[in-house]
Amino acid sequence: MTAELKALWYFAYGSNMSAEKFSDDRGIKPLGKLRTTVPGWVLTMSIPGLPYQEPSFSSVRPRAEAETEEIDAPDVVGLAYLITKDQYRRIVGSEGGGIAYRDIELQAEVLDNHKYPGKILPVRTLAEAMSRSPPPRPSRRYMKLLLDGVEEAKLPSEYQQYLREIPTYQPPSSFWAAVGAKMFIALFGPIMLFMEIITHQTMKDDGTAPRWVIWLVRSGMMVIWSVHDYLFAPVFGRGDGMLRM
């Protein structure tokens, strides 16, 4: 009980549902975990990444703020991990230090009722702090992490099927489009890596980046996507999986 009082419940809905990603890669061993859902909130792929490679990442938003194609989506389902506050700070840092995500508290409904005496569980999670509309398509690699996680966690089959039906970004098949994609990744991949390095090197004790770093990285992402939208997409084809805007 003492350990639980010093810990918190973290709601994972994306790649952190995968034990390989959460425990092996991040080195976080949870004190416990429960299958949960958050009524009135939906999964979205609105966090912008690198066009032509990893166009988007997952987040959650209220159904009232959902895009047209998300309105009929099921309530988001995921895993609530019981972790220490220090481990949560590490998660915040590993997810960009407050650049793309913001820390929020939600009320989750426990699906494993036999494991927990209460049905409603206060959870902390990370929601979008920057987004792109309409949401780009996630890569097949990223979606595989989500699908592996939901299968491993044995989340409801209906929700698993919903995730399987989310369209993914398909790399270009034509020579011209592939040339453009390689040029874009060669140009902006190192810039993305630099922004990631400077974020982690300047991270504060609470897991967040300094304000100037947040401004720098968000501005950099705006430039990257502007170059995609107005220069590369018209010439080589889109790198976000969308047919047109």
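Placed from the backbone N, Cα and C atoms, the Cβ positions cover glycine too.
TrEMBL entries are annotated by machine, without manual review.
DSSP gives Ser15 (substrate binding site) a helix state. Listed in sequence order, Lys21, Phe57, Ser58, Tyr142, Leu145, Leu146, Gly149 are the same-chain residues at least 6 apart in sequence whose CB falls under 8 Å from the CB of Ser15 (substrate binding site). Among the features that TrEMBL reports, substrate binding site is placed at Tyr10, Phe11, Ala12, Tyr13, Gly14, Ser15, Tyr142.
Residues or ranges marked as active site, proton acceptor by TrEMBL: Glu95. Taking the Cβ of Glu95 (active site, proton acceptor) as centre and 10 Å as the limit, one finds 20 other Cβ atoms among all the protein chains shown.
According to TrEMBL, the feature transmembrane segment maps to 175-194 (among others).
According to TrEMBL, the transmembrane segment annotation covers 215-236 (among others). Listed by sequence, the residues of this chain that lie at least six past the ends of the transmembrane segment (215-236) yet keep a Cβ under 8 A from its Cβ atoms are 48, 50-52, 96, 99, 130, 132, 172, 176-177, 179-181, 183-184, 188, 191-192, 195, 198-199, 209, 245.
Annotation for Ala12 (substrate binding site): spatial neighbours Phe22, Gly78, Leu79, Ala80, Tyr81, Thr125, Gly149, criterion Cβ-Cβ under 8 Å with sequence separation of six or more. Largest Cα-Cα distance over the residues recorded as binding substrate, namely Tyr10, Phe11, Ala12, Tyr13, Gly14, Ser15, Tyr142, equals 20 Å. Here Tyr10 (substrate binding site) comes close to Ala80, Tyr81, Leu82, Ile83, Gln87, Tyr88, Ile91, Val123, Arg124, Thr125: these same-chain residues lie at least six apart in sequence, with C-beta atoms under 8 angstroms from its C-beta. In this structure, the binding-site residues under consideration are Phe11, Gly14, Tyr142, and the one with the smallest number of other Cβ atoms within 10 Å of its Cβ is Tyr142.
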